[in-house]
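Trainee: According to TrEMBL, the protein has these features:
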- 7-35: transmembrane segment (TRANSMEM)
- 41-59: transmembrane segment (TRANSMEM)
- 80-97: transmembrane segment (TRANSMEM)
- 109-127: transmembrane segment (TRANSMEM)
- 134-152: transmembrane segment (TRANSMEM)
- 158-175: transmembrane segment (TRANSMEM)
- 182-198: transmembrane segment (TRANSMEM)
Amino acid sequence: MKNVAFLVSLLVHPVVIPLYALFIIFHSGTIFSFIPLQTQYTAYLLTITGPVFIPLACLPLLKYLRLIDSYAMWNKQERIFPILITIVCFFVVVYLLREFPYAHIVRQFYLLIIILLSGFLFVTICWKMSIHMMAIGALCGFVFILGTKYFGDVMYTLSFLILLSGVLGSCRLYLKCHTPAQVYFGFLYGATFIVVVLY
């Protein structure tokens, strides 16, 4: 059971959530489904090399410099530098996408992620909120906006994500990574922020 919980946590890791978001954006049945393929491929490529690959590639260096004790980052203070690196990567992606047509929805979502992560950093100074739940909460909120504001065909996607959020939260609790309050607050913080800003 522990291996299953760990696998779920890996598959729904915050690092890969932006890739899931891109896929949903481009297959949501909204006007964003007609974004030129070149822009779509560029968004995927920049996201994979930026917010996904670079933060992961920096982990061995951070461990060597003793800025983190382990890749699991059990201590809340260990999260600060990886998140700062991720924020910088998102800024770079947002900047590079400015020249591509119809990429504003991706840039908008990534700017919101930057703000979310910045708020998460402030919370992290004194409390350990679940970044897994914040990330999937933000994704749920964003998919909700795609459905209500842009009339996307996302009912089944949103239902699946809400169910997945419950499974992920249970896994984080089972692994004893967080308390129930940290799990619930993480999800509500991510989902509420996205919906309030975009609606």
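Backbone N, Cα and C atoms are what each Cβ position is placed from, and that goes for glycine too.
For each listed feature, how buried is it and what is near it?
Mentor: A Cβ distance under 8 Å defines the sequence-distant neighbours of the transmembrane segment (7-35), meaning residues of its chain 6+ beyond its ends; these are 43-44, 47-48, 51-52, 55-56, 86, 101-103, 105-106, 109-110, 113, 131-132, 134-136, 138-139, 142-143, 146, 150-154, 157, 164, 167-168, 171-172, 175, 177.
Proximity of distant same-chain residues to the transmembrane segment (80-97), defined by a Cβ-Cβ separation under 8 Å and at least 6 residues beyond the stretch ends, is recorded for 15, 42-43, 46-47, 50-51, 54-55, 58-59, 62, 67-68, 73, 103, 106-107, 110-111, 113-114, 117-118, 120-121, 124, 131.
Counting only same-chain residues 6+ beyond the ends of the transmembrane segment (158-175), those with a CB under 8 A from a CB of the stretch are 1-2, 4-6, 8-9, 12, 130, 132-133, 136-137, 139-140, 143-144, 147, 183-184, 187.
With a cut-off of 8 Å between Cβ atoms, the residues of this chain six or more beyond the transmembrane segment (182-198) that come close are 108, 112, 115-116, 119-120, 123, 127-142, 144-145, 149, 165, 169, 172-173.
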